[in-house]
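Annotated features in Swiss-Prot:
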- Glu36, Arg37, Tyr38, Gln39, Asn40, Val41, Gly42, Gly43, Gly44, Cys45: FAD binding site (BINDING)
Amino acid sequence: MPHSYDYDAIVIGSGPGGEGAAMGLVKQGARVAVIERYQNVGGGCTHWGTIPSKALRHAVSRIIEFNQNPLYSDHSRLLRSSFADILNHADNVINQQTRMRQGFYERNHCEILQGNARFVDEHTLALDCPDGSVETLTAEKFVIACGSRPYHPTDVDFTHPRIYDSNSILSMHHEPRHVLIYGAGVIGCEYASIFRGMDVKVDLINTRDRLLAFLDQEMSDSLSYHFWNSGVVIRHNEEYEKIEGCDDGVIMHLKSGKKLKADCLLYANGRTGNTDSLALQNIGLETDSRGQLKVNSMYQTAQPHVYAVGDVIGYPSLASAAYDQGRIAAQALVKGEANAHLIEDIPTGIYTIPEISSVGKTEQQLTAMKVPYEVGRAQFKHLARAQIVGMNVGTLKILFHRETKEILGIHCFGERAAEIIHIGQAIMEQKGGGNTIEYFVNTTFNYPTMAEAYRVAALNGLNRLF
């Protein structure tokens with residue numbers, strides 16, 4: 001690359017997408033700066049999203065496990081922990097992650113600049129620094145990886161101390177007894193699990209007719225039943241008319257005429273890209289109504305020297321995919337093309353209690369496509385390992401072509417689902433006839449393990465053939 005600019009490339013944002021791009025660029029010898037608006041690297045994933053919510057979930061699930069373990073069932077008092085204590089656990093994990101990621105940049109001599117970036121022209125950024133000064137930076141190319149934030153409708157007062165979004169909920173300073181969660185997407189369902197696991201009353205307001213409609217319907221139904229069985233009140237096909245903050249909580253008026261009151265509200269209905277402060281109009285770029293940018297297969301925007309990755313380009317909005325997008329964009333930026341691409345079947349992990357994970361097609365999709373598939377199932381309660389550790393709730397379902405035996409989709413509900421799914425994913429990615437359900441029958445698994453569910457499910461499915 002010519003060295004007429006301050007940098008070969010500037011990456012805006014240090015979340016998974018920005019990190020993947022920055023590391024990919026410096027490994028190829030590029031002079032790179034990463035701009036981060038906050039004091040610490042890691043982006044929303046590390047500080048407000050994936051890491052803290054999963055740390056909260058882990059702490060709560062351990063409390064549930066203790067309270068339900070028959071070894072301790074004769075104790076007269078249940079184990080409890082305050083929300084503040086659980087948040088402390090999340091903070092410890094965040095600090096570890098931040099130090100580790102800061103080390104990545106330092107070891108690779110990648111410069112970190114703090115401040116808010118905005119485009120001045122096609123190759124120039126103005127950096128508004130924390131001390132009020134403004135620096136001018138130039139680069140031949142750019143990667144926009146500035147992530148997303150919770151969507152804030154204008155008629156909801158997020159300055160009220162009892163109205164939270166998925167970022168501010170991590171700063172809650174009171175102990176809720178009853179929480180309203182508006183939005184039953186992934187974030188809403190995960191926090192419904194967390195709060196209910198802490199014995200907090202939960203009303204989950206779903207604007208659609210079922211939970212997580214993109215999932216295989218059996219997985220969605222399993223989650224709905226588990227929520228119902230644990231005491232979560234789910235209200236489908238509802239939208240708010242008005243949200244009132246009051247001294248002792250929040251009142252929500254629904255368009256159906258219902259009124260709900262709780263100690264606090266978590267508004268978790270949508271996200272928007274952090275692009276509004278970038279002055280993209282100065283380089284001829286436009287976003288959609290959600291602040292997202294359109295890109296091609298190499299993650300180039302309408303300006304060929306400007307790339308975008310992660311939440312700021314929308315689907316799949318996963319930290320795992322964002323890192324790979326950044327790595328691919330780095331290859332394309334330096335070499336003009338990339339020899340890697342995102343896999344077609346990206347696994348989905350949803351960290352409710354229990355977890356849900358899936359990869360490939362659902363039964364509903366295969367039926368609509370008129371694919372002759374069969375189903376193999378394994379119930380966790382029949383696995384020795386699950387009985388030993390007390391994880392009896394759950395199932396693994398394998399969908400496979402009844403003629404070729406090719407695995408078409410895998411869906412798992414239960415503890416460790418997000419880990420278990422990768423065994424099947426590895427086989428699904430095999431080429432030249434390697435993707436076959438018969439692999440699980442012909443393979444010897446460690447015993448007792450949760451992975452054995454694949455053998456049980458494979459035998460169950462193959463026994464259905466005639």
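For all residues, glycine too, the Cβ spot is worked out from N, Cα and C.
Close to Glu36 (FAD binding site) in the fold, though at least 6 residues off in sequence, lie Gly13, Ser14, Gly18, Gly43, Ile112, Leu113, Gln114, each with a CB less than 8 Å from its CB.
In the shown protein chains, 14 other C-beta atoms lie within 10 A of the C-beta of Tyr38 (FAD binding site). Residues within less than 8 Å, Cβ to Cβ, of Gly44 (FAD binding site) and separated from it by at least 6 positions along the same chain comprise Gly15, Gly147, Ser148, Arg149, Asn167, Asp311. For Gly42 (FAD binding site), the same-chain residues lying six or more positions away in sequence with a CB closer than 8 A to its CB are Ser14, Gly15, Ile51, Ile94, Gln97, Thr98, Arg101.
A strand conformation is recorded for Glu36 (FAD binding site) in the three-state DSSP classification.
For Asn40 (FAD binding site), the same-chain residues lying six or more positions away in sequence with a CB closer than 8 A to its CB are Thr46, His47, Thr98, Gln102.
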